[in-house]
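Enquirer: Quick one: this structure, given as structure tokens, is what I'll be asking you about.
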Amino acid sequence: MGLEGIFPPLIAPGVSGFLGAGIQTQRLLAEGSCPPNRGLPVAALVKAHVSCLKEDLEFIIANSHGMGAALGIWLIMCIYTLLAPYATLALWAHASRTTRHPWLLVASVVGALLGGHTAVLGIFPIYTMVHQQMQYIPKVILMTEQLRLLMKSHSFLRETVPNLRAQTTAGKVKLPALSTYLYFLCCPTLLYRETYPRTSVIRWRVVVENCAKFLAFAFLLALIMRRLSNPVYIHLSLQPFRLETFVPAMCNTILPGTVMLLISFYGILHCWFNAFAEVLRFADRGFYQDWWNATSFATYYRKWNSVVHDWLYLYIYQDLFWLFGKKWRVGAMLATFLLSAIAHEYIVGFGLGIFYPILFCNYTIFGVLFNFVLNDKRRRPAWNVAVWALLFVGQGLLVALYSLEYYARVHCPLQDTFWGQLTPCSWSRAM
């Protein structure tokens, strides 16, 4: 493994030790054990490094409560997504040739599948997450898998049903192989195809490097949240909400928030997806494009996450455009933004256990506004600076608002009523 593969996994422990050394220095100076004109003793430096690593690992473990239950639920959802849509499709394909009531058959099959999806991919995991009192990490993993399996099953049915209808008319019905569908469920794409471009060999070095990078950046993400973000808002949430204290805190969160955004992008869309693609010999690695060069938010939305964007474009935007015609072009775009906003808010809000739809408003209001204002006509480099500036401020604001509300609810629980759960606790402290 070359230096480029070794360096990223060393970042997280190195940063943790660096922060720990700084914290330990402050403690020793405050206690008078370390004169200002002398360096930090080596023993204290090592102790600080080990102590901070231990605290960071304890933070991750504490926020991983319920991971075993989440794994069991995930396996059930995967088995259901593999068997239920395929069996339903086979039943419909064979029964449609002999039935005298095709529309009744379609309604029955669709109703049964929607009921199964609602129960197994919807109610069951949500109920278990609440009942098991899962922490943030397993909840986010489970909710992300919920959406992934729903999107994959929709793509499979959406691409397969038209072909089977044509075959039924011709008198021949040939279902796609179950192994093809299984491969699709595992590979890093949301668009079902019967064949994909494949590589000739598996480069295990690439797999190991990407897995190591993913784990390192996941650790670094937790470290930034614990060291640079959480302490600010734990203290701030104990005070009445005031702009003169919130704005400086939000400005201090801009850099950590942006780093968290970049770490999440690189860790998931590059490291995690490429590791799975390499194991499965999946050759199409277009998981993202050069969004960092975007001079408009329209370009940024298209290039940030090509995997999800392609699914939304094909199955939401294009299908609505086809159903309602050219006059509904703006409506199709707004519906796409709305669905994306609901999905993002579901993961963040339910993961934190709070109702605080800041991300939803960000997508439906500012996301739509910037899509029109900062459109593809903006091509000068200055607009790229504007996009980055808005990303910086927006990410800092999102982290600040969600952190403040989360810790405000921890320190000042609201009344256990419906409206009490919907009322922002951080706002009520300003009254």
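Cβ from N, Cα, C; glycine included.
What you see is a predicted model, and the numbers here were worked out from it, not measured in a lab.
Pulled these from TrEMBL:
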type     : residues : note
TRANSMEM : 71-92    : transmembrane segment
TRANSMEM : 104-127  : transmembrane segment
TRANSMEM : 173-192  : transmembrane segment
TRANSMEM : 204-225  : transmembrane segment
TRANSMEM : 245-269  : transmembrane segment
TRANSMEM : 330-348  : transmembrane segment
TRANSMEM : 354-373  : transmembrane segment
TRANSMEM : 385-404  : transmembrane segment
Enquirer: Can you tell me which of 71-92, 245-269, 354-373 gets the most C-beta pairs within less than 8 Å of the transmembrane segment (173-192)?
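Expert: It is 71-92, which has the most Cβ pairs under 8 Å.
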Enquirer: Six or more residues beyond either end and a Cβ under 8 Å away: which residues meet both conditions relative to the transmembrane segment (245-269)?
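Expert: Result: 213-214, 217-218, 220-221, 224-225, 228-229, 232-233, 236, 239, 287-288, 304-305, 307, 391-393, 395-400, 403-404.
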Enquirer: Please indicate, using numbers and ranges, the residues of the same chain that are 6 or more beyond the transmembrane segment (71-92) and have a C-beta under 8 Å from a C-beta there.
Expert: 105-106, 109, 112-113, 116-117, 120-121, 124-125, 128, 141-142, 145-146, 149, 152-153, 156-157, 160-161, 164, 175, 178, 181-182, 185
Enquirer: With a Cβ cut-off under 8 Å, give me the same-chain residues at least six positions beyond the ends of the transmembrane segment (330-348) that come close to it.
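Expert: For the transmembrane segment (330-348), the nonlocal Cβ contacts are 140, 143-144, 147, 308, 312-313, 316-318, 320-321, 324, 357, 359-360, 362-364, 367-368, 371, 402.
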